[in-house]
Amino acid sequence: MLITKYQGSGNDFIIIDNRDNFVYKEIEKLGLSINEFVRKLCEQHTSVGADGVILIEKARNTKNHFSWAFFNADGSAAEMCGNGSRCAARFAYEKDIAPKDIVFETIAGEIEAHIMDSKRVKVQLTPYHSHQKNIEIKTEYGTFKGHFVNTGVPHFVIFVDEDELDNLDVEKVGRAIRYHEYFAPKGTNVNFVAKTKNGSFRIRTYERGVEGETLACGTGSAACGINAYLLGLSASNIVDIITKSGELLKITIENDKVFLEGPTTKVFEGMLSYEIF
C-alpha cells in the first residue's frame, strides 16, 4: 500500500489514494476495522505515526474533484481538519487528481483550496456557525471564560496573557474542558490564545480525537482568528496566528467566509509494511 506523509504547520497526516476503494479491501484481508487500521498507523514509535489519516476518494458530485474520509489518530472520523485539508489539496494536485483550484467534499461540506506556490496552500473553510461569547466553564483547575465557534468542528477559545500561555498545562486543563458536560456529548477542541506585542496571536490547542496538545490546528487557528476579529482584539480581518510549531498561519475573515493559508511539507512517500499490524 503506497502512503504519503505530509505536514502542515506541525500537523502530520498519512494520505492514501483510495479512489478505487483499495484500502478497505486490504484492511479486510488484515482482519481489521478502519478504526483499528488508523489507530495502529498513527501510533508513534512503533508505526508510521501521525495526527490523522486521510483517504482520497471519488467525489459524490461530479463537479467536484474528490471526496475525503478523515480520521483522527484515535480512529474516530472527523467532520473537518484545516491543516489536513491543505495537505490533501497539495497531494491531489501533485498526483494529478485535481488542478490548482480545487473543490472537494468533507462531512462538514465542500472545501475550496488553492495551490499558491510549491508549498503554500490556501483553503476556504466551510462557513463558521454557532458562535457563543463569554461562556464560563468550571473545572478542577479553575474557571475559564471562553468563546465557542464551529469552524467545521467545534472549538472553544480562551484568551490568556503570554506568561499564562507559556506555563499552562494544556494536556490537563484542555482535557477537563474538552470532556465538560457543557459540550456533551461530542465534546470540543480547546484553544488557549495570547496576543503578542506585534498584534499576532500565539495559540496552543488540545485536539479532540488526538486527545492531546498538537503542534498546530488549522480549524483552531481559524476559530482564534474569528473570535479575535469579532471581539475587537484584532483591528484587521486578516489575523496572523503563530502555532506551537512556530509556523505562521494567516486567517482571513470575510463575513461568514474564513480562509486559512500556510505552508505544507511533503515528508516521505513509500510502501507500507503490513508487519506493523
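A Cβ is built for glycine as well, from the same backbone N, Cα and C atoms used for every other residue.
Cβ neighbours within 10 Å of C81 (active site, proton donor), excluding its own Cβ and spanning all shown chains: 30. For the recorded site, C81 (active site, proton donor), the DSSP three-state label reads coil. Per Swiss-Prot, active site, proton donor is recorded for C81, and the stated evidence type is sequence analysis.
As annotated by Swiss-Prot, active site, proton acceptor applies to C217, with the evidence given as sequence analysis. Other C-beta atoms found within 10 angstroms of the C-beta of C217 (active site, proton acceptor) number 36, with every protein chain shown included.
The substrate binding site feature in Swiss-Prot is assigned to N11, N72, G82, N83, N189, E207, R208, G218, T219; the stated evidence is sequence analysis. For G82 (substrate binding site), the same-chain residues lying six or more positions away in sequence with a CB closer than 8 A to its CB are V123, L125, T151, G152, C217, G218, T219, G220, S221, A222, L260.
N11 (substrate binding site) is 10 Å away from C81 (active site, proton donor) when you measure Cα to Cα. Sorted by the number of other CB atoms within 10 A, the binding-site residues N11, T219 start with N11, the lowest. Site extent for substrate: the farthest pair of Cα atoms among N11, N72, G82, N83, N189, E207, R208, G218, T219 sits 15 Å apart. Apart from N11, N72, G82, N83, N189, E207, R208, G218, T219, the residues listed for substrate, the same chain places the Cβ atoms of D51, A78, C81, G84, V153, T205, G209, V210, T214, C217, G220 within 8 Å of the centroid of those Cβ atoms.
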